[in-house]
């Protein structure tokens, strides 16, 4: 019995030792796995820290994370959540860059899986996760034109704001812009979209009108202004305190250590979160755009003056901002064409002259002289000299010229309409007066738009076609030329509005632009095939002879 007991105890000790050894090996393996997982997640995160991630890199990130989860199927839930977050981030960023709904849907799926794994834990998703998820859903909503998806996106933006503390500038600004875009989408659905979707919107009590979205966005602009002023006051107080300690900082400058460098690096990161004057300017621009959209329903000169003042404030805060200037020109042009008869007391020539003066200043800063527009057209029309070697042009120039040209074209046709009403002459008679058609305003607009097209193939051509088709101008040859030019560069896919060419609807050549691309393709292919067969047959007969 004693011998048996010893053997039993020895076996037990052996088993315990083996178990400890096995446990130690398992622990070592787990530690090794965790290190490998952390290392791979860090590599992917480093890839995402770059300013831009290419499509190839995004697919590589997806493959790496998929392989990681397949290799370590039992890795900690938090690590899996991190992997889905990185994967969703890569897809969402690329989707936003390319406005790609397929990528956006894939990104939304990753965030959905991440949310399910974390059981809806807001801290796991964070404001960045919710914002990216929301941005992806916005792309899907815009593509599919579904209000339900739009409202899901806005809910995610709202969650991003709440998780971020409610008073963070960036998340509130993203939410405000999303509400504006949402209002644009709902307006389209209500006025020109699917009838069933429009009916569903009318039945929806909350956010039933696009105006509701615009007003919510405007309310956020007020909140953002308050946040900016608070942050500015805080920053001013910090600067005062910093200036008071400036002499002490100078004394310590020579003894700066690595830790000082690290601290300065952290401070640079903190600077990214500070609200700058440029950020406030963007809020004012958004406020101006929203005010203009709401004002369109009231059509009062007082509202016009308020909106104009908001645009001017945005430009005052960010002088020479191309975005603000182009939005201002677009707003004024639309108001002039559609509501000038109801806007009494507005000095339209002065308004357009002021806008053009600002464009000239911005273009001059970009290295372009407006006088060159005329020279470009002279060279093209007379063909008396070769085009000079083009210097590298600032990428803003063609877009600014295109925007200014559209504004000048609006003023030219609007002014001509006023002259037609004043003269009380018939439309047909007016069409026979080319001198009236080729007014200085008209010629100037054409030269600016042609210059925009000169520098950028896709710009200038569509507004030129619109201008030549405008009632009272109706230059069929030039309209057709520029419309076909726009088509050849793929502009019509996004730009074509049949209502812009009412005067050309009865022209046989214009009907081609109203025919679905698929039908044209089939007919042309059949015709080409028949022609090729006939040519082959003729060649065979010639060979036989």
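Residue numbering: from 1, along the chain as shown.
The backbone N, Cα and C atoms fix where each Cβ goes, glycine too.
Annotations in TrEMBL come from automatic prediction, not curation.
Of all ranges given (419-438, 439-458, 459-478), TrEMBL attaches the label region 'Disordered' to 419-438.
Helix first, then strand, then coil: DSSP counts for the compositional bias 'Basic and acidic residues' (233-242) stand at 10 helix, 0 strand, 0 coil.
When the compositional bias 'Basic and acidic residues' (32-41) is classified with DSSP, helix, strand and coil residues number 10 helix, 0 strand, 0 coil.
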